[in-house]
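Peer 1: Not my notes, these are from Swiss-Prot:
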type	residues	note
DOMAIN	108-172	domain 'J'
REGION	55-94	region 'Disordered'
REGION	221-241	region 'Disordered'
TOPO_DOM	1-244	topological domain 'Cytoplasmic'
TOPO_DOM	266-379	topological domain 'Lumenal'
TRANSMEM	245-265	transmembrane segment
């Protein structure tokens, strides 16, 4: 299954790139593929957010790259256009600093999002969209903006999930401990353990990043996401899509292939015994022999006498007698069962003819078993 895990992680990475590019449908398709290959918690968390909030992605106004070929250092904004000295200068305003300080001072998730404890899904989405755009590190360069952005994502992730929200309401203020232990990552099923990054959550809501075309750095526990350019070759993705059908068929056929291989190996490893209790012309076991102890008849091929002598012959004859006694014992049990059934039927139906027939059964195997038993006892 580890091979499937690697393929699933590749699918998750492709899904993340699709989210950065604003292609939610492609992201959802590759996350579903990852789910089939291996149950990664990160894939499940991303897929749940897309299914729950996918319809809102890209609907809120925020910065986008201009479609033309002009100056790409100036974002085409429809909201929050007054941002101090602008992104190109990496400056920030006093309002941005005050906002970051205000978020980082909040003691619980409800304060972070600025909602009441009975806030519904729409209230949470509205609050998250507003704050995520305002504090995204590609837009807000004030000191502490990254931590504030993580805090906002963590708050929405917990409060938007009914189970997490219920747990959070019961345990009280654990937000600070979560941030210290997991550096801002969050999980929908296992406490504060991370499975989805704030950037992934943002991309699910807004269908892509800011005009810088970069992924801001979030170092968090098991994974670190560095600043990197998003111009990627799509050849591998197309190859993944084309190869999906063949790989799925291979996975489905794997159990059958394994069974066939095991069957072939077992046949190769198990050799035929050098004797038979009955003559078998197909294997050449037609030469009649008799065991020294019980006088059991068995059949061998023409090379047997040359290959089995002394101790080897004694072992073979012991196996012959054990097989013979086992067969006689089983056949005797069948004879007794048949006789008992006939006697019972004769009694129920008052059938004298059937009773006489039951009494007349020869019981040859049982007689042979008695003979063998007397020999064993030295009689």
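Including glycine, each Cβ sits where the backbone N, Cα and C put it.
Give me the lay of the land around each of these features.
Peer 2: Helix, strand and coil counts under DSSP for the domain 'J' (108-172) come to 45 helix, 0 strand, 20 coil.
Taken together, the residues of the topological domain 'Lumenal' (266-379) have an average pLDDT of 90.
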Peer 1: In the topological domain 'Lumenal' (266-379), how many residues does DSSP put in helix, strand and coil?
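Peer 2: Per-class counts: 68 helix, 11 strand, 35 coil.
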Peer 1: Short question: which residues 6 or more past the ends of the transmembrane segment (245-265) have a Cβ under 8 Å from it?
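Peer 2: For the transmembrane segment (245-265), the far contacts come to 4, 7, 36.
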